[in-house]
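Record features, source TrEMBL:
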type	residues	note
BINDING	F90, G91, S92, D103, I104, D105, D157, K218, Y227, G236, V237	ATP binding site
BINDING	D103, D105	Mg(2+) 1 binding site
BINDING	D103, D105, D157	Mg(2+) 2 binding site
DOMAIN	209-354	domain 'Poly(A) polymerase central'
DOMAIN	356-524	domain 'Poly(A) polymerase RNA-binding'
COMPBIAS	549-585	compositional bias 'Polar residues'
Amino acid sequence: MLTGAGNGYLGVTPPISTNESSAREKEVTGTLMEELRRQGIFESEEEAKRREIVLGRLAALVKKFVRRVSLARGLSEAAANAAGGKIYTFGSYRLGVHGPGTDIDTLVVAPRHVTREDFFTTLEEMLREMEGVTQVSGVPDAYVPIITTEISGIPIDLLFAQLALPSIPEDLDLQDDNLLRNLDDKSVRSLNGSRVINEILRLVPNVDVFRDALRCIKLWAQRRAIYSNVNGFLGGVAWAMLVARVCQLYPNAVAGAIVSRFFVIMHQWAWPQPVLLKPIEDGPLQVRVWNPKVYPQDRAHRMPIITPAYPSMCATHNVMRSTEQVMREEFQRGCNIVDQVMKGEAEWSALFEKHDFFHRYRLYLQIIASSRDQETQSKWSGTVESKVRQLVMRLEFVDNLKLAHPFIKGFDVTYYCLSEEEAQAVSRGEIPKDVAQRKQEDVAGKEGVIPVYTSSYFIGLSMKPREAGSTGTRQLDISYPTTEFYKMVKMWDKYDASSMHIVVQHIRHTLLPDYVFEPGEREAVARSKKRSRSLKDSPAPAAKRQRTEIPSRQSSTATPSRPSVSPVQALQSSSAETKASSAGTTLDDLPHKQAADTLTIAASA
C-alpha cells in the first residue's frame, strides 16, 4: 500500500477504521451494484470499442496538426515529423467510471512552437473537416480554455497544453514536475487535469472499491442536479477526491460502506476546512500553490477540495453561497436515505430520485442566448453559460433574495420562423405560441424560413421569509446584476451585436417552458399537489394527513444512526463549527413550502 508522509497510511490523517466491512455492509454493496446496473450506467462493449477507435483517430489528427503548424513555422520536414504531439485522457474515462454517452476529457500536448491560438484555429478547423464530426465549439476565454466536439457519436472535451519542449516524445511522463517550467497558468491548469487523476488513483487503497463507490456518488450528484463545476457545484474531479478521501479513512471497507460513510462525513464536514488527499507540496518552480495564509482569494473558497498533484489548486473555487447551501441540503437528504438503506427501511433507488428543481421555486430567471447560425450559436452559448455563475454571485447580494440556485445545464431549442418579425420576437425571448409548436417538418420545402437557435439557462429564486408584522409588496430589484451580466457577456472579443442576442427575464413556475420537463412530469406533479391540497382540507387527524401527504420525504430534523463518536469529530477539532454548519436551511424550508408572496421584479431591459 502507498503510504502518506511515511506514516504507514494514505492521506493526511490516520484511518478512522481499518476493520473489514460487516456482513450487512457487504450485502448492501451487492444490492447497490444491482441498482447501478438497473440504472444503466455501464457502457456496452460496442461503445467501449468505439471510444478506443475515436481516440486513435484523434491521436493521429493531433500529430497531423502539430506537423502542419511546424511546417508553417518554418521547421524542416524531418523536424516537423519529429515534433510529435500526444493526447492524454483524464476525468471519468481515465478514472474508469464513465458511462454510456459520457464525454472523454482529453488533453492535447504540443511542443513550444505550437500555440493555443493554433489550437483554436488550425486544430478546430481540422476537426470540422474530420469524417464523423458533428459538432465543434471552442471557448478560448474560459478559465480552462476548451474545444468541445463529437466524433462518431462520442463527445470529446479537448484541453491544450503548450510545453517548453522542442518535441513531444512518445514516452512523455506528465507526472514530472519539471514539465511545468516556463508554462503559462492556462497550460498548467490544463496539464494538471491528467496529473491529478493519476495521483488520485495512486492515493486510494483499493481502486475497484473506489470506482464502485464513485459511480454511485456520480449518479446521485447528476440525478440531484449538483454535478457541474461551471455552474458553481462540484465537477467530476472534486467528487472523485471526496470519495477518495473517504476510501483513505476506511481502507478495508466495501463500496456500500464507503457510500454510507461518505454522506455522514460530508453532511457534517466543517467547511471551509479543506479536503486533502496528501500534504500540500512546495516546489522549486515559480508556480502558485493553494495557500489561504498567503492568498486572500484562497481564503474566500467556501468548500475547498485541493488537488493532490503539484501545484496544488482548489478544484472548487466556483462554489458560491447558494450552491453550497443546495449541496448541504443534498448531503443531509443522502445521509438520511442511506441510513434507512443500511437499516433495510429503504431501497437504493430512493437515493437516485430525480431532482425537483423546476417544481421547487415560485420564480425563476431565464437567460436566453440566441443567434441565426448554428456555428455562431455554439460559441455564443458556451460563452454565456460560462458567465452565468457571475450573475448568480451578484444576485446573492440582492435585498430580500435568500437563494439564487442555478440549474446545471442549458436547454437548446431551434425555432423555425416564417418572418423577420417572428425571428426578432424569438431573439427577445417572446416566443409566439405557433412558433413554439412549429416543427422542422412543418416548414420543409417552404422558402424564407429563418431558423433561430436558442440556449436557455435557468436560475431558481428563493425569497427571504417576511419579517414579523411586515405587509405590502416587496421589491426584488435585479437591475444591477442583470445589467452587469449583459456588460460582461458583451465584452467577449468575438461578440457581434447584429448576430448574437441575449435576454434575461423572470418567469413564474407555472409558465416554465415544456421542454424543461420530461413527458408527463408536469401533469404528474400537478396531480400530486392537488391531492396534497385536498388531503390538507380533509377532516383527517393532522398527524395522519402529514404521513399521507409526503410519504417519500425524509424528515429534515431526523438524525440518522451514527457511531457514538462522529467520524468527522475524529478528523476535525471544532465540533461546534460542524454543528453550526448543518443548522441552516433544510429541505423542508424550500421555497415551495413558504406562503405565497407578491413580487415585483425590477429588471433592466
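Residue numbers in this text run from 1 along the chain shown.
The backbone N, Cα and C atoms fix where each Cβ goes, and this holds for glycine too.
Cα spacing between D157 (ATP binding site) and D103 (Mg(2+) 1 binding site): 7 Å, rounded to the nearest whole number. Per DSSP, the secondary structure of the domain 'Poly(A) polymerase central' (209-354) breaks down as 75 helix, 6 strand, 65 coil. You'll find the Cα of D105 (Mg(2+) 1 binding site) roughly 5 Å from the Cα of F90 (ATP binding site). By the criterion of other Cβ atoms within 10 Å of the residue's own Cβ, the least surrounded of the binding-site residues F90, Y227 is Y227. Straight-line distance linking the Cα atoms of S92 (ATP binding site) and D103 (Mg(2+) 1 binding site), rounded to a whole number, equals 8 Å. With every protein chain in view, the residue among the binding-site residues D103, D105, D157 whose Cβ has the most Cβ partners within 10 Å turns out to be D105. Of all Cβ atoms in the protein chains displayed, 23 besides its own lie within 10 Å of the Cβ of V237 (ATP binding site). Cβ neighbours of I104 (ATP binding site) (same chain, under 8 Å, six or more residues apart in sequence): R51, V54, L55, T89, G91, Y93, H98, I154, P155, I156, D157. The two recorded residues, Y227 (ATP binding site) and D103 (Mg(2+) 1 binding site), have Cα atoms 14 Å apart. Its Cβ taken as reference, S92 (ATP binding site) is surrounded by 22 other Cβ atoms within 10 Å in the chains shown.
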